[in-house]
């Protein structure tokens, strides 16, 4: 065996991902050394409770509750605690101590990324976070490096496994949200408190990270428009299927051309359940899998597919970062840092231009369609397709029951659309606005 | 604008990719500078003929026929000449002059990769080649970096756009190879001399590059088993469809477990037309697109999808490498170099274990199936499925015509299989071995 320089690796956290990282580091030490050009010595694992049960059988003497001491003198610190504090403090401590940091902490990066990256820049350290955006799928390096010479136009990502699992089951079984959520919780695909997933918070954090990389711009979490999937019901899924769509929770990161003379480009970052054509590559992402569809000016359409979560899968991404950090230590030089100089402004959701599917329950009376069409036209929303079906016919008359109108629009401005929908709701002829969904994917 | 350090970029070659690289470098100079942290000055473009027609409108004064002089003093040399010489000489000259090299030259890397990488190691330079394996698809960094902490088990790649276009058209139109090839040539999807594509040479070069990265092993081109698609006909495609498969030209890179006590792991790298189940993600890669399906021990199944060729698409990958090279120049340190210390031996094709579909024309006589089954069993080839259809019945007797036998095997050793097929061919009952195809994808 080659005689390599030894690098000291500190691990913070030994949950589902952390225990797998430790296990693989110990099991494949020689192999990783050959790849990194350095021996990776796991110096210790900082946890809250040394005696807690772990997913892997790890040497007890590695565990400590004293993260701060463990960090000092480490070359690489792997932060897998999750959450903002004490993760933020320990990461800053690691950087200040001269270590490179590897983290899977999307919450931390989406909320305190600038602070962390700036601290790293100050001392020439590097922060690696391949596991923070789409689990095991290599998406950070492709965006950060491979596409750095291109202009990303749009990202559409299925970046939350729990919601994709739920929507996929609803689609295949015709089941309702609550039932599938309960199933998912029983199977361990959803947390006891599913809020972070089903309300889109997790996806929004990942969207902020992906958009920052894709557009070379610091995208704060509060610039991300967020809607969850709790209002998606079996009827919406069925109606989507009928129209050739599937409903997916999408993280959409979009570059918007300058619309006026002298104006600059802008970006839009948003998370919501959207209609995706069944022929689109994203439509065939099933179960808890993730996929990121990227459109770039020169490269065209790309897609990255794989497991979005899971302890051992995410550990793969973390260990790739550890090897990268080790190689950088051996090669010398300072960290490359984040590319954020484009500074593109993020527009509010009202400025977004996309297509919509509006489902209405209307009086089944002569002239109703004309009234609805008139309101849409006044609101600058152009109709692409209409399908009207009678849902409750009054047998004693030629009309008078209710009809369902499913309207597919051409591209419209979100603000125009939402104002128009309000006007529809207030009009005498519309009994109920059943749903308004965006259609994504050109 | 920030005042950046200027890096001198030399471009060798201005063909379909080179002219787009030059065009984008000039058009997006400010943006690229912000991302790289350095101004990228296109110092010149070395070509054979300064007056040749280009795909982009480029300043005439940039052109020179003197590559050697252009290279001297350059920080980054982009080699897009293709072919072995003079590319090899100029790349070595660039490295010796202290430049980092960006290349899309798969032929050069597959045949002289070791020489080039060693030369770079000697002086601490770096060689980037994202565009060499699957055009615009970011696959080099994912294998080299993101998966560096994992163990790749298998890669199945559709890495040649021309053959995928041909096979896809044959599949959708039921057309024969020669007709679709002629079409593809007329549309510019295939070269006038299509040998490199249809005989699998191009895919074999890419397979060698992917396997080297995935298995941290120098894989010489002659370790890659190669078969083209010229023998694939409409009947084979139809028969594949009937059995639920599609035929794809696959580059398969596989890690083989040590089978005996004390033996080491090995790898197999092979290119051939194979049957892929229609439900497999690779089956839905249509037209001239490429995709690389990767199975890793920890990460599980990943897929990378996009355009495998095209001037501007490939230029995206090249420019990503240019930005990476520039960032490295600014950050300092030496090149990381290739990871090849695993040194896994490549086994010959005879050692490969996979599944097969054997199609035979046999005498339609009693006892024929028993004879065929006996020969397979003696040859250690286990039958999974059999379908027999009469193709030419003799109306005057109960038998005596021909039958077609389509046999799906369980996993078998290639050498056993090919010896068994020879024995089948020599047996009295088999009139013709119609085809023998491997089945890939578990």
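Sequential numbering from 1, following the chain as shown.
Just so you know, glycine gets a Cβ as well, placed from its N, Cα and C.
Where the annotation comes from TrEMBL, it is an automatic prediction and has not been curated.
Per TrEMBL, the features are:
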ACT_SITE  B:206  active site, proton donor
BINDING   B:12, B:13, B:14, B:15, B:16, B:17, B:18, B:19  NADP(+) binding site
BINDING   B:106  NADPH binding site
BINDING   B:191  L-homoserine binding site
DOMAIN    B:357-441  domain 'ACT'
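Secondary structure by DSSP for the domain 'ACT' (B:357-441): 24 helix, 38 strand, 23 coil. Compute the center of the Cβ atoms of B:12, B:13, B:14, B:15, B:16, B:17, B:18, B:19, which mark the site for NADP(+); besides them, the chain residues with Cβ within 8 Å of that center are B:11, B:20, B:21, B:22, B:47, B:80, B:81, B:311.
In sequence order, B:55, B:80, B:82, B:311 are the residues of the chain that are 6 or more apart from residue B:15 (NADP(+) binding site) and have a CB within less than 8 Å of its CB. Same-chain residues at least 6 positions away in sequence with a Cβ under 8 Å from that of residue B:17 (NADP(+) binding site) are, in sequence order, B:80, B:104, B:131, B:311, B:314, B:315, B:318. This prediction places the mean pLDDT of the domain 'ACT' (B:357-441) at 90. In this structure the C-alpha atoms belonging to residue B:13 (NADP(+) binding site) and the residue listed as 'NADPH binding site' are separated by 15 Å.
In this structure, the CA atom of residue B:14 (NADP(+) binding site) is 22 Å away from the CA atom of residue B:206 (active site, proton donor). With the fewest other Cβ atoms inside 10 Å of its Cβ, the least crowded of the binding-site residues B:12, B:14, B:16 in this structure is B:16. For the binding-site residues listed here (B:13, B:18), the lowest count of other CB atoms within 10 A around the CB belongs to B:13. According to DSSP, residue B:18 (NADP(+) binding site) is assigned to a helical segment. Counting only same-chain residues six or more apart in sequence, the Cβ atoms lying under 8 angstroms from the Cβ of residue B:191 (L-homoserine binding site) belong to B:162, B:185, B:197. For residue B:206 (active site, proton donor), the nearest neighbour among the binding-site residues B:12, B:16, B:18, B:106, judged by Cα separation, is B:106. Listed in sequence order, the residues of the same chain lying 6 or more apart from residue B:19 (NADP(+) binding site) and placing their CB within less than 8 Å of its CB are B:54, B:55, B:56, B:58, B:311.
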